[in-house]
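*Asks:* Sharing a structure here in C-alpha cells format.
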Amino acid sequence: MAILCPSTAIYHLLFSSLLLFFSCYVSIIPVYGAEEGKDGFHSTPVSSLLPKNKCSASARGGSQGLPITQKYGPCSGSGHSQPPSPQEIFGRDESRVSFINSKFNQYAPENSKDHTPINNLLDEDGYFLVDVAFGTPPQKFKLILDTGSSITWTQCKACVNCLQDSHRHFDPSASSTYSFGSCIPSTVENNYSMPYNDDSTSVGNYGCDTLILEPSDVFPKFQFGCGINSTGDFGSGVDGVLGLGQGQLSTVSQTASKFKKVFSYCLPEEDSTGSLLFGEKATSQSSSLKFTSLVNGPGTLQESGYYFVNLLDISVGNERLNIPSSVFASPGTIIDSGTVITRLPQRAYSALKAAFQKAMAKYPLSNGRRMKGDILDTCYNLSGTKDVLLPEIVLHFGEGADVRLNGKRVLWGKHKSRLCLAFAGNSELTIIGNRQQVSLTVLYDIQGGRIGFGGNGCSQ
C-alpha cells in the first residue's frame with residue numbers, strides 16, 4: 001500500500017481546495033458565450049432568421065388534419081400578391097391590438113388604459129389559411145384561421161361588393177342542403193355585420209349548410225355567414241374567416257358533438273405547411289405536451305370569446321426576470337392566432353428588453369432609422385455575422401408549462417442589417433401572438449379547461 005508523505009498530502013489537499021474554489025467561482029458567473037443549447041443560449045444561423053421565398057416542406061395535413069399555410073408564403077397556393085411591408089403588418093397588428101384592448105379597458109386601472117381611437121374596427125389580416133368546404137356538392141374556400149373570432153363566414157355569389165382578390169363565391173342555389181337564416185334555436189337574427197380594421201367589413205345573412213372539414217368530418221346544418229357586402233382588403237386569395245373562438249356560433253362550438261371542443265394547430269413558417277386538427281386527432285398529441293389551465297377572463301364569455309391563461313414570469317438566457325405574476329393577471333393573458341407580435345404590459349416588456357440587450361451586448365445595434373409605425377425598438381445589425389448566439393426566451397405559464405422560444409420566435413426581420421426582438425409593449429393586457437407560436441403545437445381542450453404546448457416543428 002502506497003503511503004503519502006506529509007508534504008505530498010498537503011499539496012494534494014491544497015490543490016483540491018483550489019480546484020473546488022475555482023469551480024464554484026466559475027459557476028456563479030453569468031456565461032453569455034455558452035455552447036449550443038446550454039445555459040439558455042442557441043447558436044443560430046443568421047440566414048435561418050430571414051424569410052424564405054420557396055416552399056420547401058411537404059404538407060403535414062391530409063389524413064392528419066387540415067393543412068395550414070401562411071397567407072403570403074410560397075406554400076399558400078392562393079395566388080398571393082406582393083407581401084405587405086413591415087409597416088403595413090405593424091399598422092394592422094396595432095389596429096387589432098387596440099380593438100382587443102378596448103374590450104378590456106373597463107377592467108384595467110384608469111392610468112393604464114389604451115386610449116387609441118379604433119372606431120370599433122378589428123384587424124382581420126390574419127396570417128394563416130385553411131381550406132374548408134360548404135354545401136352539397138362541396139364548394140371549397142380558403143379561410144383565415146382566427147381564435148379571436150366566433151363567426152365563420154365566406155362571400156356569396158350574390159355579393160354586391162365582393163372581396164377584392166378572391167374569385168371564389170359560395171352559391172346557395174347550387175347546394176341541395178342550403179337553408180336561409182339561422183338554424184340554431186337560441187339565435188334568431190338572420191343577418192350579421194362584422195367590422196374590421198382599415199375600413200374593412202363583411203355584411204350579409206346567416207345561412208345553414210353542410211360543413212366539410214375532411215371527408216370523414218362532415219357537419220350538416222352548420223350556421224355561417226354568407227357575405228353580400230364586403231369592403232376593404234382581406235388579403236390575396238382570402239374567401240372569409242374560420243372562427244375558432246369560444247362563442248356559440250364558432251366552429252369549435254358547432255362541432256362539439258363530435259370533437260368535444262378540442263382542437264390543435266401548428267402554425268408553419270412561410271416555407272412550410274402546418275396542420276389544424278380536431279377531436280381525437282388533436283388529443284393523440286397530448287402525451288408530449290405541457291398543459292396550463294384555461295382561466296376566466298374579465299367580463300362574460302360572449303363579450304370576448306378569447307382564451308385566457310396564467311402567465312407567471314419570463315426568463316432570458318436561463319435567468320428569471322422575477323416579474324410579479326400580478327403584472328400579467330389584470331386584465332389577463334390571452335393566446336391569439338390573429339395578433340402577430342406578442343404584447344407585454346410595459347413593466348414586463350421593459351424588463352425583457354433590458355435582459356435581452358444584456359445577453360446580446362456583443363452584437364452591434366442596428367443604426368437604421370425606425371420607420372413610422374414600427375413597433376419593434378430593440379434591433380441588431382447582424383450583416384457581418386454568420387451564426388448568432390441567441391438567448392432563449394421562456395414563457396413560464398401556470399402548472400409548470402414552460403414554452404421555450406428561439407430562432408424566429410425571438411427575432412423578426414427581413415434583412416440581416418435589422419433583426420429585432422419580436423415583442424412589444426402594451427397598456428395592460430398580455431397577448432401571446434402568432435410569431436411566438438410558429439412551429440409549436442398548441443392544443444385547446446375547452447371542456448378540459450386547459451391549453452397544451454409542445455413540439456418544435458410542424459413536421460413532427
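Note: Cβ is positioned from N, Cα and C throughout, glycine not excepted.
Below are the features I grabbed from TrEMBL:
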type: DOMAIN; residues: 128-454; note: domain 'Peptidase A1'
type: ACT_SITE; residues: Asp146; note: active site
type: ACT_SITE; residues: Asp336; note: active site
*Asks:* Measuring Cα to Cα, how many Å separate Asp336 (active site) from Asp146 (active site)?
*Replies:* 8
*Asks:* Around the C-beta of Asp336 (active site), how many further C-beta atoms are within 10 angstroms, looking at every protein chain?
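*Replies:* I count 23 other Cβ atoms within 10 Å of it.
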*Asks:* Give the mean pLDDT for the domain 'Peptidase A1' (128-454) on the 0 to 100 scale.
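*Replies:* Reported value for the domain 'Peptidase A1' (128-454) is a mean pLDDT of 90.
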